[in-house]
Amino acid sequence: MNEQQYIAERVDDQITWYSKKSQKAQRWFKQLRIVEILSAAAIPLIAGFAKDPFPVTLTVSLLGALIAVISSVISLNQFQKNWTEYRTTSESLKHEKVLFLTKTEPYHKEEDSFRLFVQRVESLISKENSAWLQYTQSAQEKNPSEQES
């Protein structure tokens, strides 16, 4: 595989993948947090202005349950963590690509620059994959009943 192929088929592909996943995680995180915040803010307003206690109690209970579910979904799916980690990996890959294409240090020496570039890019990708694997294994250890499924 030559330099152009590697950049197009591996580096650019990974940059695109991490950027899209980062955007998706960011969107989910922000949308869920907005609903959570609005629900929490609505509780005292509803409780303070209602005249009939039954609908108020029911509405406040439902909003409280919604807040708990949203908080759990955000925590379970790690939207904020994935957003920042995927963005960091994408930006690091872009940085390495620019350094390589401009022959900036550490890629200023022609003889080893492509080999070094591949090593550094694959190291960034491997680091992200290892972090994901570690998180997955940790989650399975905390929830052994899911392994049986």
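Going from the start of the chain as shown, residues are counted 1 onward.
Cβ atoms here come from the backbone N, Cα and C positions, even for glycine.
Features as listed in TrEMBL:
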{"type": "TRANSMEM", "residues": "32-50", "note": "transmembrane segment"}
{"type": "TRANSMEM", "residues": "56-77", "note": "transmembrane segment"}
By a Cβ-Cβ criterion of under 8 Å, what residues six or more beyond either terminus of the transmembrane segment (32-50) are in contact with it? 56, 59-60, 63-64, 66-67, 70-71, 73-74, 79
Using a Cβ-Cβ cut-off of under 8 Å, list the residues of the same chain that are 6+ residues beyond the ends of the transmembrane segment (56-77) and lie near it. 28-29, 32-33, 35-36, 39-40, 42-43, 46-47, 50
